[in-house]
Amino acid sequence: HSEAGALSGPVSALITDHRGRDNWDYQLKLAVSWNRPDIAETQIFTDDWKWKPSDLYPSLMVSLIEDKPSFVKLFLDRGVTLTEFVTSDHLTHLYNSTDQHSLIHSKLEREASLDPSLSSKDCYILLRHVSSVLQELLGDSTEPLYPEKRSLAGLACSKILKSLSKEEDDTITKEDMLSLANLYEERAAGVFNECYRNDERRAELLLVRVSPRWGQFTTLELADEAQGQLFMSQGGVQAYLTKTWWGKLSVDNGFLQVILCMLLFPLIYSGLVTFRCVSAQSCLWKLLGFFNAPVVKFYYNVVSYIGFLWLFAYVIMSDFQTYPSWKEYLLYIWVFSLLSEEIRQVWIPIATQYFSQFWNQADMLALVFFIVGLIYIFLFSRLVHKDTVYLGRVFLSVDFMIFTFGIMHIFAVSRVLGPKMIILRRMIKDVFFFLFLLAIWIVSYGVAKQSILVINETRLHWIFRNVLYEPYLALFGQIPTAVDGLNFDSTKCSENGTVPSLPKCVFNDGSGNALFPEWLTIILTCLYILFANILLLNLLIAMLSYTFGDVESHADQVWKFYCFGLIREYNERPSAPPPFILFSHLYLLFKNLFCRNDMNHLEEALCSPSENVCVSVYLSVCFLTVTHAPYGIL
């Protein structure tokens, strides 16, 4: 109160001594510079002077530049409209007035410096530079600069802030960006929940409505791009995704009912499974509705993948001949069908994040290994040497492991195992970081031990075994015996290192007595076991325990987010599983080559202006009028 009195005294004196608009503007600027919105509200915004919204623009500009949200809120309450205030000039001035040490200013300044139309000394930020930075942060999910409509703006802001936080070095600023990104995501979720409470069906349509202002993305796709786990976990979103997962089938169908109809499809007409549409439908409609349901596609692909792994294992273990058998040719056709499906996923319009997805990377790695193995088997064996056939078999054997890991992707759909897969992925990241610490101890101990025990070993494979492999095995209890001179046996080593199958003998006198300081090697081994086996491994256990507890608290939310990718994949996937999926790919290829004009007309009809107008009117009348102002963006 004493501070308010001290500040209100000069203001009262100014009001008494001076009159007129200039004086009131000066008083407001003085209150803004003092950051005292309470004085402005009680002693400046009075009945003595009628303020026009345009009179507040200069002070609003200063408040925005100096980051004084209390004054911004006060001016908005006094009738200032941002749509009238934010002109091109004002917006350009705001971007040029950002903190020069901030990440966004450095990006804008760099973009301006690359503009050939501006001189090297004149790095004035223009709106086209802002547009370029936005496209860099949002990727393919943006087209316009500043759309008049605010559809999907909350999710777009969340994505921008999350993208900026990845490049921000300052920890506090990074946390502020993530906090603000989460706030925008919460507001987007709040708007959708309000929409869903008013009209479930039309709210679900908003989730899949294509937005031409954000790169033809839907709300769900933009939420996926923005890593919007909170938005994806909302009840209305999950209800829609569940319906999508079951397709035309009713969500009340059980697992056993679906499996029986998959094995004996005439049971579809017996009423064993129910459809969402209860009215009488044709037999063909029911048949297509069943086999086009993503859940049915998923189960068929699970069975197909297990069959593929069984065939792969049988071929490389029991039927790998000089001249391929029909089983081996079937395996090649099967892998080609998997490759064609990956190519289809790359070429579809929603594949912008294809190469950033872990399981897609694993699939491509497995296919690359298989292709390399085939090159060694069929090409190099004829052009170079026949022994390369075995090398190709080695590639295929390692490739089988990579393909087998793909089974874990199937578990993502399980409510029980799905969250565990997410926890496992986080733990794998922790293990990789831990390996850097472990490598320091392994290399330091291994090099010291090797240089003390053996003189001038030049064989790389034995250096690798003694420096890296033996210290690694020591972590699991296999202590190296060579560090103790009592274990020296000249018959089990090569004195000069000339026998490839034997290690080089330790430093000795030639008569069977070791000369290296065994007291030192034993002490080094004990210290290594103490720090690496006890301290570091317990550190790893503590890290994994912390990760488990941290992820477990919101694993269900993360699992729901990752389920969207699986649902979208099988919703777009052809009905037939590999290798029969090749027929679907041939049909799609023919359709795209000869029916492209019809598809273009259909896309134009779906994106017609009348559809946008109807949705806009519906939003403004039904939803935004009952939503609080801070939540008026989605």
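Even glycines carry a Cβ here, placed using N, Cα and C.
Heads up, TrEMBL stuff is auto-annotated, nobody curated it.
TrEMBL lists 43-150 (among others) with the feature domain 'TRPM-like'.
According to TrEMBL, the domain 'TRPM-like' annotation covers 152-234 (among others). Assigned with DSSP, the residues of the domain 'TRPM-like' (152-234) fall into helix, strand and coil as follows: 66 helix, 2 strand, 15 coil.
Feature annotation from TrEMBL assigns transmembrane segment to 255-278 (among others). Within the same chain, residues 243, 246, 248-249, 286-287, 289-291, 295-296, 299-300 sit at least 6 positions outside the transmembrane segment (255-278) and bring their C-beta atoms closer than 8 Å to a C-beta of that stretch.
Residues or ranges marked as transmembrane segment by TrEMBL: 298-317 (among others).
Residues or ranges marked as domain 'Ion transport' by TrEMBL: 308-555.
Per TrEMBL, transmembrane segment is recorded for 364-384 (among others).
Feature annotation from TrEMBL assigns transmembrane segment to 390-411 (among others). Note on the transmembrane segment (390-411): residues 302, 305-306, 308-309, 312-313, 316, 320, 359, 362-363, 365-366, 369-370, 372-377, 380-381, 417-418, 420-421, 424, 566 of its chain, located 6 or more positions outside it, place their CB under 8 angstroms from a CB of the stretch.
Taken from TrEMBL, the feature transmembrane segment applies to 431-448 (among others).
Panel annotation: around the transmembrane segment (519-541), residues 430-431, 434, 437-438, 441-442, 445, 448-449, 452-453, 471, 474-475, 479-480, 483-484 of the same chain, lying at least six beyond its termini, place a Cβ under 8 Å from a Cβ of the stretch. Here TrEMBL flags 519-541 (among others) as transmembrane segment.
In this model, the domain 'TRPM-like' (152-234) carries an average pLDDT of 87.
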